[in-house]
Every structure is written in C-alpha cells, then in structure tokens.
Amino acid sequence: MYGIEYSTILTFLISLVFINYLLKSVTRTMDFIIYRFLMIVVLLAPIIKAQNYGINLPITGSMDTPYTNSTMSETFLTSTLCLYYPNEAATEIADTKWKETLSQLLLTKGWPTGSVYFKGYADIASFSVEPQLYCDYNIVLMKYDANLQLDMSELADLILNEWLCNPMDITLYYYQQTDEANKWISMGSSCTIKVCPLNTQTLGIGCSTTDTNSFETVANAEKLVITDVVDGVNHKLDVTTNTCTIRNCKKLGPRENVAVIQVGGSNVLDITADPTTAPQTERMMRVNWKKWWQVFYTIVDYVNQIVQAMSKRSRSLNSAAFYYRV
C-alpha cells in the first residue's frame, strides 16, 4: 500500500516539474516573439509614415464641411503646385524660357522652383478626356469661348467635385438614376448618347426599345458628357462604345485641391445650377483677358489667395482613378 502511495506522489511531483518546465518554455518562446516584434516595429517606425488622406468628406449629410484627417503636419512650402494652361498661351508668349521666368516670380511668393509644375493641354475637349491632377494644389486656366460654354461647365463640374463611379453594361441592363447626385459620365474621342425611358412594363415611353433611331439624343459627338435623366425611371441606352466609355457615377462632394480660373468672358460660368453642386465660386474664378503674360502675372500675384481657398489633398485624379474612385 505504501509503495502505491509513494508512486502516486512521485508521479504527481514529476508532473509538476514537467508542467513547470513546459510553462517556462512557452514563456521564453512568447518573450522571444514579442521582443523581436517590438524590435522590428522600433526599427521601422522612423522610416514609415502614415498615409495622409487630407480631407474626409461624409458620404451622407452635408457635403459643405470638410473634416481634417491629417496624420502629419507639413510646411506649406513643401507642397506642390500644378498650373494647367492651353497650349496657345505658350505659342503667343513665344519664349523658350517663360516657365523659368514664372518659376522665379513664384519664388518671390514663397513657392520653391522645384515645387511648381507647368502643364499644357491642346484644348478643353482633349483635357476633359484624361484630366491628370497630380499636385497638392491644381490651378486650371480655361480661356473663355462662347461656343464651348457647355464643355467648360461640364469640365469644371468634373474636376471641381469628387465622383464615385462604376462601369455600365448597357447591352445587358437597363439603368436608372436614383437621385440628383447620380449622373452618367461619358468620356472618349466621340460620345453620342441616346436614351429611351421605360415604363413599368419595360416598354419605351415615346420610343421603341428595338429601334435606336427612336431614342432621344442627349449628346452628339462630344468628348465629355455628364448625362442627367429623370430619377427613378429605367432607361435603355445607346452609346458609341467603340469611341466612348460610360460610367454610373455618384457625386460625393467638392474636390478641394482644384481651382478653375476662367480667362476672359463677361461673367464666371455658373456650375451651381445643379442642385447637387454646393456654391463654390471661390474656386471658380475669372481674370480679365488681355495677353497671356498679363494673365500669368495676375496668377502669380494672387496665387496664395487662390490656394487659401483650397485644401491640400493626397488623392490624385486621372481618368482611371476617376472611373472607380475619386
């Protein structure tokens, strides 16, 4: 009997020793993992910077108030500035060093020469097909043309606002716009857009779904089209898809790092007629048209006032980014 009790006690003691050894081994292993992880974090922390998304715009509610979401403070002078101008400006100036001259003048306003970029574009139509706004602050000069008021207004609406867009398959599906912020945006070398509104039985209202010639033409051979139809009504669309792409888009709010300067014209183009566009005339401005040198001198003089009406953003805009998330 005593032998059995001794064996039980011995087994119990051996188990305690084994468990104690096991716990110490686990503790050492965990300490090793934790210390190594902390060491890696400490080593990488100085070279890793959190992404700065600039401004948060709420998906619902008021779009007027931006909320700061900056993870680091940067000196104003470290920002980049892009100035977009029509190619005719460079042609009229006819000076190979005009950009260097403007860079030196902007330096007097506090903008280092390496932070300012000049980008020309052929015309409003071609610029609207592939807008590329990559700088922290982007100023777009558009020379007023009475024959291009609609194109100028649509381009301003596109680049002064953020859009969330998805592809449309018009061969398989009908589409409807859910509210005033919902638009169909088309881009391409030639966009002709026709629509046929449908009733609840999917029969055409004033048109035949099998005859595209009976569709209503809302745009003809344009490069940029922002289409607005009656909300809550299904539509069958006909689009020149070989030369144009169309996306179903939702206007999210203002793109605060872009300003449009209208060169010439009696009044600033009004893009606020759309109920979804908050008044933003402070970022849609006009300068008197004289000569391009005079225009650029005016921009240099007021560049800091213009930038103060904007907000620095980290998100760039190009045609691909526009289509899926701006």
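Glycine is treated like the rest: Cβ placed from N, Cα and C.
The shown structure was predicted, so the numbers you read here are calculated from the model rather than taken from an experiment.
Going by Swiss-Prot, these are the annotated features:
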- ASP95, GLY206, SER214, GLU216: Ca(2+) 1 binding site (BINDING)
- GLN177, ASP228, VAL229, ASP231, ASP301: Ca(2+) 2 binding site (BINDING)
- CYS82-CYS135: disulfide bond (DISULFID)
- CYS165-CYS249: disulfide bond (DISULFID)
- CYS191-CYS244: disulfide bond (DISULFID)
- CYS196-CYS207: disulfide bond (DISULFID)
- ASN69: N-linked glycosylation site (CARBOHYD)
- 1-50: signal peptide (SIGNAL)
If you measure from the Cα of CYS244 (disulfide bond), which of the recorded positions CYS82, CYS135, CYS165, VAL229 is the nearest? CYS165
Just to be sure I understand the packing, how many Cβ atoms besides its own are within 10 Å of the Cβ of ASP228 (Ca(2+) 2 binding site)? 13
What does DSSP call ASP231 (Ca(2+) 2 binding site) in the simple three-state scheme? coil
Near CYS196 (disulfide bond), which recorded positions out of CYS82, GLN177, GLY206 have their CA within 10 Å? GLY206
Just going by other Cβ atoms within 10 Å, which of the recorded positions CYS135, CYS196, VAL229 has the emptiest spot? VAL229
Counting other Cβ atoms within 10 Å, pick out the least crowded of the binding-site residues GLN177, SER214. SER214
Spatial neighbours of GLN177 (Ca(2+) 2 binding site) among the recorded positions CYS82, ASP95, GLY206, GLU216, CYS249, using Cα within 10 Å, are CYS249
State the three-class DSSP label for ASP95 (Ca(2+) 1 binding site), counting H, G and I as helix, E and B as strand, and everything else as coil. coil
Using DSSP, would you call CYS82 (disulfide bond) helix, strand or coil? strand
Spatially, which candidate from the binding-site residues ASP95, GLU216, ASP231 is nearest to CYS165 (disulfide bond), comparing Cα atoms? ASP231
Pick from ASP95, GLU216, ASP231, ASP301: which of these binding-site residues has the biggest number of other Cβ atoms within 10 Å of its Cβ? GLU216
